Amino acid sequence: MADRVYPSAKPNPQPPQALNGGSGGGAGGAPSFPPTKGQTYGATLPAYRPQPRKQPPPRRRSRRGCCCSCCLWLTLIIVALVFLAAIAAGVFYVIYRPRRPTFEVDGLRLSAFNVSGAGQLTSRLDLNVTARNPNAKIVYLYDAASISVFSGGVDVGDGSFPAFVQEAKNTTHLGAKLSAPSGQTLDSTSASDLRKKTSLPLEIAVDTKVGVKIGGLKTKKMGIQMRCEGISIGVPKGKAAPVASSPNTACKVKLRIKIWKWTIS
């Protein structure tokens, strides 16, 4: 009877190819851990999707920057306007050569002067003034002028000149009769001083408005003041009317600009 050979009860170990995922061990075997290099590179990775870039918030211009820009432009505009005005004034001066009008007192008589015991002042004066326009292309347009004559701060005579137009290179003679303001009562000190005086130092003030005409252009009228000082006249005695001892007195002319409640001269 032949002997039978039985297989060993201990199974043979799995070949290395099957353990390493080779073709000999079958494709359905479990993958080894850790994965091999071939498994790592062969695995399917998710597609890369770039994230959208966030736009930075818009920059806000600060109020300070806006104010600085506005101030800069305003300053440039003002400088430009001043520059243009200076050019225009220079051209005007070269073409027209403007000069101020001149005034001169060429006659003053005091025909009556009396201070009563109650301090009432009575006076009569005759005033003659010569106005000259030295410009060759400029015409002056005068409103009616108010006249006041003072002696030591006391108003001794008021009157007026009529309105008139003074052409270029023209000389105009003006006359007015003056008298002390009615209802004026002097204090005892002023009344006593005036009674003792034999001559009166006088100061004449004339206020009016004048405009300028150049060709067909007329400007707005502005205030001017004429002041004549250094005049002295004797107090009349009897019927003789004394004449001022300082005839042909030149007067100063000042421009008076009124801004709201203030007057600048």
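Cβ atoms here come from the backbone N, Cα and C positions, even for glycine.
Whatever TrEMBL says is automated annotation, not expert-curated.
Under the heading region 'Disordered', TrEMBL lists 1-64. Annotation comment: TrEMBL describes 72-96 as transmembrane segment. The feature domain 'Late embryogenesis abundant protein LEA-2 subgroup' is assigned by TrEMBL to 129-229.
Mean pLDDT for the domain 'Late embryogenesis abundant protein LEA-2 subgroup' (129-229) in the predicted structure: 93. Under 8 Å from some Cβ of the transmembrane segment (72-96) lie the Cβ atoms of residues 135, 137-138, 214, all in the same chain and six or more residues away from its ends.
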